[in-house]
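Peer 1: Take a look at the following structure, please.
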């Protein structure tokens, strides 16, 4: 069940859901707006011939920090990783989903490619998968609204929350945009 503004405020006030820093003005009818941090992870395409999710490729991306009053310019067709300014901490019975802001989507900005789901038990800054689908560069300002979190009440607490280790916890506690760690649990079924 999608959680309403009333229940979002109740969970934030009680500390069951934590957003740090928290700003009550960010609460919307059924979501909470999140803001863009100052760090971006750019792809160094010349380091590898291809991307292989099975292999660790530590030099695939590099971290870039912009000044608080300086925008990051995302060019047409470019893909970078960003992060939410807010650290998000969820209990074992609430999941979240990151959605883009419609005003930014109408400018051609995608905030996530596929990874919008946030498991119960997660704690950390949410990595954003930022793409510019427009034909002009887009300025991304640190501290500006970049997305929104919708919260879902589970039917019961999960047996193994994210971070417990049972299902993996590769991104627990992440700070800033975190590169893929797919090699740590790569699975491939042999299909004949």
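Note that Cβ sites are derived from N, Cα and C of the backbone, with glycine treated the same way.
Annotation source Swiss-Prot lists active site, proton donor/acceptor at 129, citing sequence analysis. Summarising the annotation, Swiss-Prot assigns dCTP binding site to 101, 102, 103, 104, 105, 106, 119, 127, 128, 129, 148, 162, 174. Residues or ranges marked as compositional bias 'Polar residues' by Swiss-Prot: 171-183. The feature region 'Disordered' is assigned by Swiss-Prot to 165-184. Residues annotated as site 'Important for bifunctional activity' in Swiss-Prot, with sequence analysis given as evidence: 116, 117.
Thinking about packing and proximity, how do these listed features fit into the structure?
Peer 2: Residue 129 (active site, proton donor/acceptor) has a Cβ environment of 17 other Cβ atoms inside 10 Å. Secondary structure at residue 129 (active site, proton donor/acceptor), as computed by DSSP, is strand.
Classification of residue 105 (dCTP binding site) by DSSP places it within a helix. Same-chain residues at least 6 positions away in sequence with a Cβ under 8 Å from that of residue 105 (dCTP binding site) are not found in this chain.
Around the Cβ of residue 116 (site 'Important for bifunctional activity'), a 10 Å sphere holds 18 further Cβ atoms from the protein chains shown.
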Peer 1: Please identify which of 103, 148 has the densest Cβ environment, defined as other Cβ atoms within 10 Å, among these binding-site residues.
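Peer 2: Per the Cβ count within 10 Å, the most buried is 148.
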Peer 1: In terms of Cα spacing, which of the recorded positions 101, 103, 128, 129 are within 10 angstroms of residue 116 (site 'Important for bifunctional activity')?
Peer 2: 128, 129
